[in-house]
Amino acid sequence: MAPNHPTRSPPSARPVSSEASGPRGRSLSSALALPHSVVVSLCVCVCVCSVPVTCWEQGKNTTNPTPHCSLEHPRWAAWGRAGGGGPGRGRQSFGRRRGESNCRWPPLGEAGDASVSPGAGRGVNEQRGHALRSGCSSWDGLGSWTCGPLLPRAGAFMFPYFIMLIFCGIPLFFMELSFGQFASQGCLGVWRISPMFKGVGYGMMVVSTYIGIYYNVVICIAFYYFFSSMTHVLPWAYCNNPWNTPDCAGVLDASNLTNGSRPAALPGNLSHLLNHSLQRTSPSEEYWRLYVLKLSDDIGNFGEVQLPLLGCLGVSWVVVFLCLIRGVKSSGKVVYFTATFPYVVLTILFVRGVTLDGAFTGIMYYLTPQWDKILEAKVWGDAASQIFYSLGCAWGGLITMASYNKFHNNCYRDSIIISITNCATSVYAGFVIFSILGFMANHLGVDVSRVADHGPGLAFVAYPEALTLLPISPLWSLLFFFMLILLGLGTQFCLLETLVTAIVDEVGNEWILQKKTYVTLGVAVAGFLLGVPLTSQAGIYWLLLMDNYAASFSLVIISCIMCVSIMYIYGHRNYFQDIQMMLGFPPPLFFQICWRFVSPAIIFFILIFTVIQYRPITYNHYQYPGWAVAIGFLMALSSVICIPLYALFQLCRTDGDTLLQRLKNATKPSRDWGPALLEHQTGRYAPTIPPSPEDGLEVQPLHPDKAQLPMVGSNGSRLQDSRI
């Protein structure tokens, strides 16, 4: 058993060997034995996440027993119970057949499970808190906490950030929430509003696929650092490890720390080295680059797959699948923990951070405006990217999660609360970040802006190095990376549920409805296999390539087309009337103006500035080759190209004598556009003749001159049609 060392010994007093002798060596060897710790931690996570959810639901159903059909998608169960069919009027007969299955449904009001409670036509969240927690957990992700683009221009970033939030972020957030809640459909089904633009939904699916692939790789790296933190001394604290180079200059090594004291001044040669940060190599950077990634010299040189990272990737996908195995109901309960615990850790780190030496310098750098950089287009572009990424606009996740709300849920209030909570979390996290960075800058004798760069280097180089400077650093490291895992899992839940819901809604046959769990498993397995190359020695190059191209300006284009199609193709008056029918009041004038004019204009100018100020991607000093940049553009276009391709496909299959007639028919709402449940189909969505559950009638629109009703005899046989 390793002895308990109250203080760290200076590096000169500890032997440097390939086995890292002493307590540090035993800690490293135990950290490298990842399969055992991975299995143990996975078992704990599974027990904590899945057992309470299952027991809670079973206990609830035993108090109010409800016969369950083998339907995995909850919306179809609700349609069958209502006896009225699917969304709108186009699926009346299909819903009727589902209602006549072998399952015996009790009265609608007696449903004890959330999946069959009267709501928006699918499994709804019975409590509004589920939607709020899911939103906060899904979009207060790693991007909100690490504040990547914020670091280089912190003082100049705040003003554009809030401008983009007010005039672009919150309006688009409310639009997507109201869009999904009104139709009770995923990112594909909602485009019954204008079938020619269904390619926007496919583009959202492609973007969510790319993000889901590399996002879980980031989570698996957080898992790896979490397991590596289960040591007496963090493995990236000193420069005496086998993977370190002679250029390594650690803060703890150079400061000659003994008993927690720090010398008054750093050595002259080290101070010179630190002032030229491009020449400095920290132990955390070498641990990240030479040990965790074993980084290759080129994006085309994949090298070997890192087995520890591959194991952690499998753990992260298994955890995501187990938390979503019961659908959105289980994820709504899991986020009780995933949405609240990060705030607890954040507060702990905040209290600890502001008490460190130099924290005030970092916070002042964070808050001091840099007016000379306000006019830089790059700052505004970064602010818009941060808003889109942190709020999840154009991913399809907002539409999907909102589709599980009750029809009359106040999504306007939810959008305000979630958006402000998300951005307040980013601002709050900024105080934690810059207090720690100020502490690092004080130790290193450099400016705060030169401590670390944004991106993965911020989360897995700067923060681990800062954590080594804290008392009881392994404990803080465990809490920090556990928090990153929870933040990442909250977003990954949303991404996976978006893909599964879109697939199930689009196929819609009986088999896939009964086998939704297998669809979830298939998506998880595919995501794991596609993420395997990202765990190779060139994986970080491909991860950054996907992040910079697959999920950047394509989000801007998708949001712009979605806004234009709803406001100008479907019609802003029609959409405002839909929201009034759903919420009881029209959208405020501010949102009407933003949706019609301000938000599309901002999105358009951001796109123009992105193209004008385009610079090829780099990673540190590595310049990506031309063929890799071309692949990045192809990934970006793969989501955008879905929009014109599907529009052409829809034009070809639409009836019409002329191109103009085809265009009109392809852009007008389909017959089954509208609220999902008959009880919510009021106004212009109300059927002319209410259907009778006993008659099995299919609702058809009545023409002013004639209409046909199927007459049913007493024996159930159809009589000759009569004209009205």
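Each residue's number is its place along the chain shown, starting with 1.
The backbone N, Cα and C atoms fix where each Cβ goes, glycine too.
All annotation found in TrEMBL is predicted automatically rather than curated by experts.
Marked as Na(+) binding site by TrEMBL: Ser390, Asn422, Leu487. Residues or ranges marked as disulfide bond by TrEMBL: Cys239-Cys248. What TrEMBL records for 1-28, 80-103 is region 'Disordered'. Annotated transmembrane segment per TrEMBL: 158-179, 200-227, 307-328, 340-367, 387-404, 416-441, 475-496, 517-543, 549-569, 589-612, 624-649, in sequence order.
The two recorded residues, Cys248 (disulfide bond) and Leu487 (Na(+) binding site), have Cα atoms 32 Å apart. Among 158-179, 475-496, 517-543, 549-569, 624-649, 158-179 has the largest number of CB pairs under 8 A with the transmembrane segment (416-441). Beyond its flanks by at least six residues, the transmembrane segment (158-179) meets 150, 190, 193, 367, 369, 374, 379-380, 382-384, 386-388, 391, 393-394, 398-399, 402, 411-412, 414-416, 418-419, 423, 559, 562-563, 566, 578-579, 582-583, 587, 590-591, 594-595, 598-599, 602-603 of its own chain at Cβ-Cβ distances under 8 Å. Scored by C-beta pairs under 8 angstroms, the transmembrane segment (549-569) has its highest count with 624-649, from the stretches 307-328, 475-496, 517-543, 624-649. Cys239 (disulfide bond) and Leu487 (Na(+) binding site) are 31 Å apart (CA-CA, integer value). Of the two recorded stretches, the transmembrane segment (475-496) lies close to the transmembrane segment (307-328), with three or more CB pairs under 8 Å once pairs fewer than 6 apart in sequence are set aside. Comparing Asn422 (Na(+) binding site) with Cys239 (disulfide bond), their Cα atoms are 38 Å apart once rounded.
The transmembrane segment (307-328) and the transmembrane segment (200-227) are in contact, since at least 3 Cβ pairs between them lie under 8 Å (pairs 6 or more apart in sequence).
Through the fold, the transmembrane segment (517-543) approaches residues 72, 212-214, 216-218, 220, 293-296, 298-306, 309-310, 313-314, 317-318, 320-321, 324-325, 456, 496, 499-500, 503-504, 619, 622, 624, 628 of its own chain, all at least 6 residues removed from its boundaries and within a Cβ separation under 8 Å. Residue with the densest Cβ environment among the recorded positions Cys239, Cys248, Leu487: Leu487, by other Cβ atoms within 10 Å. Within 10 Å of the C-beta atom of Asn422 (Na(+) binding site) sit 24 other C-beta atoms, taking all shown protein chains into account. Ser390 (Na(+) binding site) counts 25 other C-beta atoms within 10 Å of its own C-beta, drawing on all protein chains shown. Cα-Cα distance from Cys239 (disulfide bond) to Ser390 (Na(+) binding site): 36 Å (rounded to the nearest whole number).
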